[in-house]
Every structure is written in C-alpha cells, then in structure tokens.
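A.B. asks: Feature list, courtesy of TrEMBL:
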| type | residues | note |
| --- | --- | --- |
| BINDING | GLY157, GLU158, SER159, GLY160, ALA161, GLY162, LYS163, THR164 | ATP binding site |
| COILED | 1196-1258 | coiled coil |
| COILED | 1325-1432 | coiled coil |
| COMPBIAS | 1160-1173 | compositional bias 'Basic and acidic residues' |
| REGION | 591-623 | region 'Disordered' |
| REGION | 1086-1117 | region 'Disordered' |
| REGION | 1160-1188 | region 'Disordered' |
Amino acid sequence: VSLFTRVWIPDPDEVWCSAELTKDYKEGDKTLRLKLEDETIREYPVDVQSNQLPFLRNPDILVGENDLTALSYLHEPAVLHNLKVRFLESNHIYTYCGIVLVAINPYEQLPIYGQDVIYAYSGQNMGDMDPHIFAVAEEAYKQMARDEKNQSIIVSGESGAGKTVSAKYAMRYFATVGGSASETNIEEKVLASSPIMEAIGNAKTTRNDNSSRFGKYIQIGFDKRYHIIGANMRTYLLEKSRVVFQADDERNYHIFYQLCAAANLPEFKELALTSAEDFFYTSQGGDTSIEGVDDAEDFEKTRQAFTLLGVRESHQISIFKIIASILHLGSVEIQAERDGDSCSISPQDEHLNNFCRLLGVEHSQMEHWLCHRKLVTTSETYVKTMSLQQVLNARNALAKHIYAQLFGWIVEHINKALHTSLKQHSFIGVLDIYGFETFEVNSFEQFCINYANEKLQQQFNWHVFKLEQEEYMKEQIPWTLIDFHDNQPCIDLIEAKLGILDLLDEECKVPKGTDQNWAQKLYDRHSSSQHFQKPRMSNTAFIVVHFADKVEYLSDGFLEKNRDTVYEEQINILKASKFPMVADLFHDDKDPVPATTTPGKGSKINIRSARPPMKASNKEHKKTVGHQFRTSLHLLMETLNATTPHYVRCIKPNDEKLPFHFDPKRAVQQLRACGVLETIRISAAGYPSRWAYHDFFNRYRVLIKKKDLANTDKKAICKSVLENLIKDPDKFQFGRTKIFFRAGQVAYLEKLRADKFRAATIMIQKTVRGWLQRVKYHRLKRATLTLQRYWRGYLARRLAEHLRRTRAATAIQKQYRMWRACQAYRRVRRAAAVIQAFTRGMLVRKMYRQVLMEHKATVIQKHVRGWVARRRFQRLRAAAIVIQCAFRRLKARQELKALRIEARSAEHLKRLNVGMENKVVQLQRKIDDQNKEFKTLSEQFSTATSTYTMEVERLQKELARYQQSPGEDPSLRLQEEVETLRSELQKAHSERKVLEDAHGREKDELRKRVADLEQENALLKDEKEQLNNQILCQSKEEFAQDSVKENLLMKKELEEERSRYQNLVKEYSRLEQRFDNLRDELTIIKQTPGHRRNPSNQSSLESDSNYPSVSTSEIGDTEDALQQVEEIGLEKAAMDMTVFLKLQKRVRELEQERKKLQVQLEKREQQDSKKVQVEQPQNDVDSDPDADLAYNSLKRQELESENKKLKNDLNELRKAMADQAMQNNSSHGSPDSYSLLLDQLKLANEELEVRKEEVLILRTQIVSADQRRGRSMEPNINARTSWPNSEKHVDQEDAIEAYHGVCQTNSKTEDWGYLNEDGELGLAYQGLKQVARLLEAQLQAQSREHEEEVETLKGQLEALKEEMDKQQQTFCQTLLLSPEAQVEFGVQQEISRLTNENLDLKELVEKLEKNERKLKKQLKIYMKKVQDLEAAQALAQSDRRRHELTRQVTVQRKEKDFQGMLEYHKEDEALLIRNLVTELKPQMLSGTVPCLPAYILYMCIRHADYTNDDVKVHSLLTSTINGIKKVLKKHNDDFEMTSFWLSNTCRLLHCLKQYSGDEGFMTQNTAKQNEHCLKNFDLTEYRQVLSDLSIQIYQQLIKIAEGALQPMIVSAMLENESIQGLSGVKPTGYRKRSSSMADGDNSYCLEAIVRQMNSFHTVLCDQGLDPEIIMQVFKQLFYMINAVTLNNLLLRKDVCSWSTGMQLRYNISQLEEWLRGRNLHQSGAVQTMEPLIQAAQLLQLKKKTQEDAEAICSLCTSLSTQQIVKILNLYTPLNEFEERVTVAFIRTIQAQLQERNDPQQLLLDSKHMFPVLFPFNPSSLTMDSIHIPACLNLEFLNEV
C-alpha cells in the first residue's frame, strides 16, 4: 500500500468512512497513518498476525455505476458508498447488483412510472437502460416469450421498504405491455385487486403507513400470443393478531377505518357504526388517522374495485356487515363475577345485539357460549364457565377466525374473477413477501417470516451459484468450486424431524402443554446446534442464528398462535346463521391446503383458523398454523424452482420516512439481510469483472505498444497485453467472448491507464511549459533590447539638447546685455527731453490760464443774468401746466373708470358666448353701435359749435357795444367770461380727441381679436381633420391586425381539428384491421372441421366497401351493414359496439365543431366582403377579390368535405346499429319494429334511387329534346303552349323536362301497336299525365312565390318601421341641438345615407356580375353538351345507316383524335383492378410516367362520366379503393409498395380535384385540360374517401419507415464512434451479459441511417410523390430519431458524457448536411431535432459557476426542467480528469428554472405523429398524351 492510496475504515456513525494514506505502508507496520476527509490525521491499527488491511476504495470514475458488480473492488463499503452516491446525489433509486435489482424507497412520488417510460423500456435489453423495475419486468416478459418458460419476480424487503409498490408497478407493466386481446379487460381486474387486498391485508405500523401484513404470490397467465388471459393469487400467513391487538402508534387493517369513515352513508345505517375511536379493536394504537390519507375516499375505491371484479352488491353488503360485526364483538362488555371463575354479558348490551343482528345468529346462544365452554369426555359432556381472561381470549380468537375466513373468501372470489376458461400457455409470478424481521419482542409471526426468508435465501444462493457456473462454462473458463454460505443447517433446525416446528406441534398435542415446556424441550434437543442458542437471562426465550442476523424469540404465545383455537360451539352458532354467506363461510367443505395439490392446480393457499380439536377423541387433530405455513411454503418453493426467478430487493433508507435521506446503519442491516452482500461475495470469489475483447481493446488501447497494434486480431492483442501487464496468470482468464478478471484487477488496469495518461499529460505539460517559458524569455529579451536602444537614444538626444541650450543661452546673454545698455542710454536721453518740454509748457500754460479766467468771468456774468430771467419765466409757465394737468387727469380718470366698466361688461359677454361666430357678430354689432353713437355725438358737436359761434358773435357784438359805452368794469367782466368760454372749448376739444383715440384703439383691438379667433378656428378644424384621419387609420390597422389574428386562430383550430380527424382515421383503420383479423379467424374456425372453402367467385369487395355512391344514401349503407351481418355472422358483428358508440359520440362532437367553424367562416367572409366594399373605392389596386373568393371557396370545400366525411362516419354507426338489431332479431327469432322500419326505408331508398337516375338522364338529354321539339314535335309543343296559364308561372326547364318525359314515354312504348296502331291513346295518356304534373308544379310555384312575396313585404314593413323609429330618434336629438349643430348633423346624415345607398348599389352590381359569370359558365357547359349530343346523334344515325346496308359492303371508319378517355366493359372491371392494382408491381412501371395507374383510372372514370353511368363510376371507385386496401394489407411491410400506392392515391385525388370543374382547382389548367373535366358527376365525397385512404397509407408508410430505422437509431446516434478514438468504454457489470441480449454484433453506424434515408428518398422521388408530402415524411422520421435518441439518453447513464455530446453534434450535423443535400432543409425536420441538439450542447458546456448555470438556462429552451436536471444527474465522466456535476450546481439550475411551466412528462412521445396535409398539386400532363404500356395487359381498354 503506497502513499495517497484511498481506503475504507470502520466508523461508528457512518459505518464506513473514507481515508487516504499519508505514509507508505511497509510489511510489519502496526499502524497506518491516514488522513480523513475532514483533514484530520488518524493512526489506524493493523493486526500483524492476520495482516488484515483496510478495504481499498474504487477509483472515482467507477463511483455511481448502474451495476455494483462493475466495481473493481467488491466489498461492503464500496457497495454502500455507491448506493449512497446514486441515491443522494443523482436521485437514482434503482441499482443493479448482478441479477438483483436494489430499490431504495425515496418516500416521494417520482415521475418515472408513466406510460412513456413503459414504452421506452418495452423491447429493450436489460443492460442497455438505466436500472428500473420496468427493466426487470421486461426481462421476465422477454424470457417467457423467448424460452417459453414460466418466470417469477421475487420482491422482498422490510416493512416500509416499498415491496407492495414495486410489485404493483411490475403488474402495471405487464398489464400495459401484455394487454388482453379480448374485451374482458383482465389487466384492469388484475390491477383492481390491489386496492381490495390493501384494504383487507394492509395496516399502519411504526415503520410503514401501508404495511402488507401478509404475503402474496400473484400468477399472471398469458396465452400463446403472450396476452394476459387471467391471474391467480395465493396468500401466506395473514397477521390475524392485529385484528384484536395493535401496538402504540399502529392501526388495525384499513378496511375497519374505511368502513367507519363511510358509516354516515344511507346504505350503511344498519351497521350501527360510529367513529373508529369508539371501538376497542380500532382504538388501541392511539391515533386512528393517517396523515395525507382519506379513508372515505379509499373506501370508495375499494367498493369500485369490488364491483369491477364482479362481486355483487349483496355480497359487498354482507362483507361489510361481517367486518362491522367484528368491531361490535370487540366492544362487547364482559363482566366478571365475584368468584372470579365465571363471567356474564348484559342482555341489553348494544354491541352484542348488533353483532347477532348483523350475522343473523341467536342472541341468547351467542351470549351463553361466549362465557361458557363445553368439555367432552368418553362418558358425558360438561358445560363449564370461564374466567374473564379466558372469555376475552375466546372472544379474540373468534374475531380473528371470522376475519381470517372472510379474508380467504375474498381472495377466493378475486381468483374466480381473474380466472379464465382459456388455456394458459405460460405465466409470470410476482411474489410480494415480507422480508427478514427482528424487533425487540419477536413472536410466532416473526419466526414464520424469517423461516420463509431462510428458504428464499437458499433458493437465491443456489440460483446465483448456478448462473455463475453457467457463465463460466459458456465462456469455457476452468471451473473452480466457489465456497458460498449455505443455510441448510438453519432450515433443518426449523423444519427437520424433531425440529422447532415439529416440537411445537408435538407440544400443541399435549393436553397440558405450555410454552415453557416447549422452550425447555428446545434447549434439551438443540443446544448443541451452532444455529441455536439459549439466552443467559431467560428460560422462555431462544435464539436462532439466521443467515442475516441472530434473532431472539420469546416463546410466550407460540402454542396459542400455533393452535389457533376457536371453540366449536361458537362456530356452530355461526354455521346456523340465517344469512347464507355467513353460514357458507364457516362450513367445513374442504381442506384449505390439500396435501396433494400441485403448483399448477393449487391456485390458492388459504390460511384459515382451526376447527375445535376436541370434537371427538378418536378424530385426527386439525393441522396447526405452523404445519399449514410449512406446506404452503414448500408449494411456493416448488413453484419458484420451476420458474426463472428475478429478484428485487427493497431497501428502507431511514426510519423517519424522510424523502431522500440515507441512514447508512439501516441500509447496511438490510443489505446484509436481503442477500445483496452475499451476491457480491459470490461474485468476488470468482471473476467478477468481465470485459468483451472489443471493449477492452477500446478502453486500454493506450497500454498497447505500437508494434502490437499491427496485428489485426484484437483477441490476440488483448492476450499479449494482459500477459505483459499482469504477471500472475490466476488474476485473469480468457473466455470465448470475454476476459474475466479477479477483484481489483480492473482497478489496477485503470491505475496503469491513468498513470499512462498522467505521464503523457506530464510530458505534454512539460513540453508546453518549456515552450511557454522559451517564448516568454525571447519576448523579454526582445523587450530588453528595445528598451536599451530607446534609453541610449534618449540619453544621446538629451546631451545634444543640453549642448544646444548652452550655446543658445550664451548668445542670448550677449544680446541681452547689449540691449540692456542701449535701453539705459535711451531712457536717460528721453527723460532729459521730457523734463525740458514739461517745464517750457508749464510756463506757457500758466500765462494762458490767467487770460482765459478774465474772459470767462465776463461771460459768466452775462449768462447768470439771462438765466435768472429765464428761470422766473419757466416757473410761471410750469405752474400753469401743473394746473392744466391736474384738471385733465381728473377728467381722464373719470373716462377711464367708465371705459373699464364697459370693458368688464364686454369681457363677461365674451366668456358667456360659446360660439366664435356669435362673438364676432356681437363685436361687429358693438362697433356699429359705437359708430352710430359717434355720428350722433358728431352731430351734437356740430350743433353745439354752431350755437357757440353764434353766441360768440352775439357776445362780440355786446362787447363792442359795451366798449362803445363808457366805463371799464363791464369790459373786464366780459373778457373774463370770454376767457372762461375759450377754456371750456379747449377742454371739449381735448375730450373729443381722447374719445376718438380710445375708439380707434378699441376698434383695432377688436379686429385683431376677430382675426386671432378666425385663425384659431381654422387650426382647430385642421387638428380635427388630422385626428379623424388618425382614428380612421388606426381603426383600419386594428381591423387588419384583428383579421390576421382571427386567421391565425382559425388556421390553428383547423390544424388541431385535422390532427384529431387523422387520429380518428388511424383508429378506424386499426379497428378495420382488427375486424379483418377476426373475420379471418372466424373463417379458419368455420373451415377447420369440414375443410370448407368459400366459392371462388365470392368477392370481399362488397364487405370492404364502406363508402357511399354518387347519390349517397344512409339506407344503402344500412343494406351493406345487413349484408355484412349475414356474411360474417351475428356474433362478430356486435363485438365492437362500444367502439362504435364512442365513435358516434365523437362524430356528434365533430359535427358541432364543424357547425361552429362554418358559422365563423361565414362571419369572416361577410367581414371580408364588407371590407372589400369599403376599401374598393379608395384603392382598387390593392384589393384582389378573385383571390379571396378562391381562397374562401377552397376553405368552404374543405369544410364541406369534412362534413361529408362525418356523415359517412354516421352511416357507419348506423350500420353498427343495424348489426346489433340483426343480432337481437337472430336471438329472439322475430322481427321487431326497427327491422320493419329498415324495410320501409329500403323501399323508399330504392324509389329515390330510381327517381335520381331519371333526373340524371333527363338533364343530359334536355338540349337534344329541345332541338327535336323544333323539328319534329311542333304539334305537341303547340298543344303544350296552348295550355291555360302556361306562360305565367312555368319554368322553361320544367317544361322541357315534361316534354322529354313525353318523348321518353313514346320511345318506351313502341310495342303499343298491338293496342293502338297510331299510338294516339298512349300519347294522350302520357300527355295528360305530364299536364297534370305541370299544373301541380305551377300551383306549387305560385304558392311559393306568394309566400315569398308575403315574407318580403313583412321584411320591408319591419325595415320601414325600424327606419321610422331611427328617424324619430334622430329628429328628437336634432331638436335639442343649436341651429349650426343642426345644419352640421343634417349634412352628416345625408352623407351617411348616400354612402349606404352607394354601398348597396355596389353590392347589387357585384351580384349581377357574379350571376352573369355563372350564367356564362352554364351557357358554355350547355353548349358543350349540345355539341356532344349532336355528335352522338350523328354517330347513331350513321350506325343505323350502316345496319341497313348489306353485310358485303365495308365502310372505312374515319379515325378521330384521342379524347383522353378509356372505355371498358362492365365484365372487364375485375380484370382491370387485378392488372392495374392487386397484381401490379412498381418495377413494371420503372420507365413510364409516374403515377400512371392513377391517370388510367381517371380516364376510365371520365368515360363513365361521359356516358352518364353512375353505377359504373361507383363500382370502379369502390373496387379500386378495396383493391388498394388489399394490396396494402398484403404488403404491410413493403416500403416501396406502400409509397407507390400513396403517390398514386394522391395523384388520383389531385386528378379528381383538377378536373372537377371547380374554379378553385382550375386556375392552373390549360384549355386542353379544361376539356377533360367531369361533366355529370360531383365526386366530392369520393375525394374525401381517397383523402382518408391517403392518410391511412401515409401512416402505414411512416410505420414501415420507423420500423426500419428504430433498431439503428440508438446504436448509430449514441453508441457508434463516428469520431474514432473520442469515447472510451467504462467498465461494465453483470447486466451487459444479460441473457436477453442476443449474440452477435448488432451495432449500426450513422452511414447505415443515411443509406436507409437515401433509399427512402430515392423510392419516394421515383414514385412521383409530391415534394410537400416527402418533406412531411422526413420531418416525421427526424422527430422519431430525436425522440428515441433523447429518451435513451435520459434513461442511460453510460452515454451521458462529454464525448457523447461531441458524437451527437457530429451526427446531427451530418443529418443536417444530408437534408440540405436533398433540398429538405425547409421541411422543419431540423426544428424537430432541437431538443437533441440542446442536450448535446448541455453535455459539452461547463457546469461549475453561476454564469454556467445562466448559460445553460438560456440555451436549453426546448428541454424541460426535468430533462435538464436528469441529464445533469446522469452526467458521467469517462476519465478521471473530468469532473462530476455537483449537487449544488444542479440545485442552482433548478432554482433558476423554477418559473418555467414545463410539462411533468420526462420522455418525449416517440409515437406522436404530426397531422399530414395533402396540398393540391395539379399535373401538367393532358390525358390524351398518356401512353399505356403493353406490360400492363390492358388490351381490353379502348381509347375514345
């Protein structure tokens, strides 16, 4: 052991802990220096004598393996650690251990048991997928089918480990994979037995809330086709003591609590039950409820299961009565008497009364015998009282016995319900049995359980030993005996002669036998046995050394439980019950466990209570419980030994039932007890590690020398390498196909491989690091040289700069000093000159100032004097001005106050006025008023002026008179008056001027305001127009968006409806196939006894034809259905009635949805038409009504075709009803009203068919009859036209039809010459008949017209009333508006009225144009018919002339052009179908036009249409469809044949559309092709039938292609090395050599898939299939590749690695390249691969940091959260250099993806099929250009 070796050492808490050596170990060292995981150092002692070193730890790359046997070191700590890592870190609950599946209970619901997971495991090899209970079930199912040997699945484990759930999932798998072939639904009954058995056999314990307290073995029977046909159940050792006693925190059986929870139901009132707490037998454990469990809901499930299994309601009530009686019995109050030896029960005890009433027994007898017992001797019989304890024991024994008998009765009836009368070919048994148990107090039940586990462990050891031996012998390995633990001595101790059970039975026979005596006998007899021990401190207990552990049993109660004594008197009372079921329950009719029962016959082991042993002294004692259990156990072992066993060991991870919590101590105990470690030990004793030569070569190729690789024999290379690497030859062996290694050798090879990689890594690292250092050195050297160069240059440049600066400084100093000296000299000279100048100027200025002062004094005096004079004048003038201003200001303020009042009143009026026009008018009026006022003022002013002038003149005269008069005083007064008047006049002038200025300003302001208001009004109008335009644009955009959304929604709904419809078609085809198979089986059964055969001329075409004729009739379909009933028999006809009822319900739903879609489509068309009418006047260029009309017509045709298909389905349902009716008639023997109604409908249908044929013939001959009317039948026409009222109400077409009837009658009555030679009598009769018909038609037409006119007038009246009401409302609204608003509203109303009239006129014009186009089209058709009839008449006349000639004359016929029609006789139709359909090989038409049979069939249909032969059209199309179906059924696995008929069916469908005459399908036709259209028949319904047939063929094509690709996908995409040397193979375990894996290399590479795809594509293209359908085919195939690959990736741990991600990306890129090369990249196939692409990227991304988690979440958008977490959990490094994904990182991913609403489904649905679309693809070929090759043998077809 060297440094850093990792080992396992014992630990008291974790059992084993990991450590690492910090010092090399040398032999003889007493201790090992170890470092634990928490970095603590520990000295581990080593036993020098035994030299027992610690267990070595496996490499990290092996940790988390699926199979424990793949571990290099196989021992207990390695197993425990591997299970712990898988359970806690990866959340994997299943792990293989050789042939054992270890299942750890997660205590949490996991989404790994859905239908998708079942289908993923179905058909897979066991070692190819992750461990799962489904893998074990699939292995058992596959071995049963392959080896034809019965299988067993043994599920064992502790209570609470999940045994029952595992067994339930295994049975669910068998029920799903091997579903019953009949309608008995036996698999549902098998699953329905689980709730019943859980209710009556499961209970809550301290370890498990749903613990099975009995063992059961369920045999599921299969027939030769391996479908479930029945089942059988055996039960073992029911824990009866639980009925009367429960420990703390435990419950009784669930059924008691369920019944109490439902006690309030009306039907259970008579049970007199209350809450479970009120009864003694259900309240001993304390709490009577289980958290999360609803007992009432579970009881309802139990009742439903009883009903499903066929238990009658009366029996169910009886069962519940018996269960309720047990509860009442436990609550009976027993009172002890004073003497202590006797007891009594009160007669008024309510519980005893209820007990007797519910069981129908006598109250007095039961009351007596509950407290007394009978003693029988040879001479007489004694009745003895019992003590209280004895009475309680007897009561409890009776309750246990009743429950045990009821348990056995229920199991027996379940077996009867699951029994089948068919012969069982093989079976698979599921054993759900208790595991090894040890408690503080162990009693008789634990002893029996551990005894059973000893037997099972022995069988398990022998089976493992045998498999090992078979493997070594198969590989031709020298076989050496492996010593394994044999527990036969322990089994002999229990069951051998005078063993524990024998001594127990012997002691039970002793009259005074006690548990202590029995224990003493055990001590005396078996004290020497190594498996038996006596405890030191007890004389009543004993210890048995089991294979798992020592168990101490307490002998108290062993005898009582083994005897299981019930007093005979009590049983006799129950036998006399008035209820038959209770009496039958206790009658001793047979031995519960017959000794001679064989495993095949003994379908049930009933553990029943004993009969009273003292009935007679000379009678044989009844079998004890121990004897019964031993017998049933021997039978079980015989059954298991006769089958191939499969083992499931369930482990309980903790006792607290915590989800994903692992307790190592509890796990190790169970691993030791269940035999897993024994399997490991046996495997480790031999060669546990096995490698295939190829895998070993790929894994350890790095250890091989280059010269050895030159050898091509890999086996020889492996041998030479191993001989060089492992020197001890005993460490390995070379088998035939594998290499076998001893334990630890793979780890040694892994170490060598890792050392090799490590050495190579070190070499690479050394070289790379040296190169990096050299590169770094060279880089530093170059940088240093560069730095030195630049630094030296810098220094040189700095020196040169210094020298230059020094020289420059010297020159500057010299020049500066010279300049400074010159400056000083100049400054001194300037200063002297300045001083002289200033001195001289000062003297001159002083003299000048003196002269100037004298002059200025004179000037100042002059100016001062003038200023004083002027100052006085200005002061006087200013005073006058101030006085004037004050007076003027007073007047101005008064005027201003008046103006303000006026301004305020104007502003108020402005605010009150709302309309702009009113304000302008008011202002204009105000201006006019002011002008008028101004004029009046002006006039007043002029008057005052004239008056003033006159007054002045008068005053002047007076003044002159006064002047002339003597004196001065009057003159002065007059002058003052004159001055006053002048001042007043000036004041008036100033006021007038002020008023004029104010008036002018106000007028200007008003004009400006009016202009502003007008401008604002214009802006508001512009803004209003803009808003209206925006609203209109926005409404148009919203309407367009709504239209687009509605279109998308309708497309989506149409797509979903199409998908549902195609699934219905698929289901119908499956049912049709099933019907054909049943009919074939019935034919074989009928033919077998008498060797009869059907006549050769009897064709099955009629029975296969499920489609209507040209004139479809429901009663016609009913006739076909009745014919089918007669052909196939009444028994098979009504077999699928339930399916037909479901289809009928589905048809009704589809009919309702179709009506809704049609209503939506009509609304949508109306909206589109209105939109076109509104937008057409605005933009005629943008609209394209023809395209919209074509699109809408196509959608309408599609809906109509689906409607007709639904009608066809309804007809099929009516056929089924007819079948049922015929079956009822056949059973009762007399026709009922339904059959009479069918007969009447048949007659009506026949008459309707005749009338329709007449109508068709009449319509084709209208024009010819019209021409003959003009030439030869003028008298008749004149007579017809002379009828009264013929010109008024007679339609021209009706008249022509009537006339043609006359003509046709004449032609049919040519042999009337015997009665009337001239034919007048018949002609008159027929004419009168036609006249009567015409008159009747006229009357009907007149009445219809009258009714239509009345309805029209009523409609017009209603419309006028509505219009009048609208006008009245409008008028009332208008009166409330202002005059301007009334005018505007009136204009808007007029505009809207004119717009509506315009739209109505446009609509009328469009209708007239449409009618015109329709009439033109009809005119063309009628013209064509006229030409054809003229040609036919000319041909007929020439034929008549030719017949009149003599036979000797030969007339040469003139050849005419080929019209693209083929004629055949009716009797050649079968030959045509045989040569063209049933016996045609695609290779025969390799060089011809693609889809030639479709063109030929259409040309035959066209001729039948040309001749107006609807029977021929119906027969030909029906025969063609049935022939295609037969061909496809015969070649159901031939891709070429299926694709050939898919292309031909689609082409025939396209031809029927292209030449149907519908404008929507004729847009790409040429004029010549339009001539080839059908003239008479509308084959829309047959188009729908062909579309359905195309869907069926497409689904069959996909099924064939998927079947061819399915085996290749996993191998090519995941396992094959597309990039050589990228992936390495990890060590594999036992499962890689599973017996289910066939020998040979079945691996495929990607090239195989590409080749297969190429062949598919070549065949599809050669057959002429439409490119759109080819794209859909490959889209479906790529989805299947994606789903299968991703599902396997999610279920396989070995492929979730980085290298697999690289391989996947490479493979996907190759497939994408293939798609681009075939021009299929637009098919959407790449998008279907998106989940797989993201899964590959997920495997390659970093998975460490938070940024990595965010990148993963943003990248993996197509993967669900569950899938991402699953891939991260499965991620497995292939080399030790890679790192695992940590649990913390996975939790981070889950937290970030928490907001996603992903589906809970883990796997993709690989069976999902996209709905197929068959787009219309018209052909450019014309029918007359097609040549029929001679190889088709169609010489009987004539070209027309």
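Counting begins at 1 with the first residue displayed.
Glycine is no exception: its Cβ is also placed from the backbone N, Cα and C atoms.
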A.B. asks: I need the neighbours of the ATP site defined by GLY157, GLU158, SER159, GLY160, ALA161, GLY162, LYS163, THR164. Which other residues of that chain put their C-beta within 8 angstroms of the C-beta centroid, in sequence order?
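C.D. replies: Near the ATP site, the remaining chain residues are ASN105, ASN208, SER211, SER212, GLY435, CYS650, LYS652.
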A.B. asks: How many neighbouring Cβ atoms, not counting its own, are there within 10 Å of the Cβ of ALA161 (ATP binding site)?
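C.D. replies: The answer is 25.
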A.B. asks: Going along the chain, which residues six or more apart from GLU158 (ATP binding site) have their CB under 8 A from its CB?
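C.D. replies: The answer is ARG207, GLY435, PHE436, GLU437, CYS650, LYS652, GLN670, ALA673.
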A.B. asks: Looking only at SER159, THR164, which of these binding-site residues has the biggest number of Cβ atoms within 10 Å around its Cβ?
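C.D. replies: Per the Cβ count, the most surrounded site is THR164.
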A.B. asks: Around the C-beta of GLY162 (ATP binding site), how many further C-beta atoms are within 10 angstroms, looking at every protein chain?
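C.D. replies: Its Cβ has 25 other Cβ atoms within 10 Å.
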A.B. asks: Other than its own, how many Cβ atoms are within 10 Å of the Cβ belonging to LYS163 (ATP binding site)?
C.D. replies: 27
A.B. asks: Give the sequence-ordered list of residues that share a chain with GLY157 (ATP binding site), lie 6 or more positions from it, and have CB atoms under 8 Å from its CB.
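C.D. replies: Non-local contacts for GLY157 (ATP binding site): ALA103, LYS163, GLY435, ARG649, CYS650, ILE651, LYS652, GLN670, CYS674.
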A.B. asks: Within 10 Å of the Cβ of GLY160 (ATP binding site), how many other Cβ atoms can you find? Include all protein chains, please.
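C.D. replies: So the Cβ neighbour count for GLY160 (ATP binding site) comes to 20.
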A.B. asks: Averaged over the coiled coil (1325-1432), what pLDDT does the prediction give?
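C.D. replies: Reported value for the coiled coil (1325-1432) is a mean pLDDT of 75.
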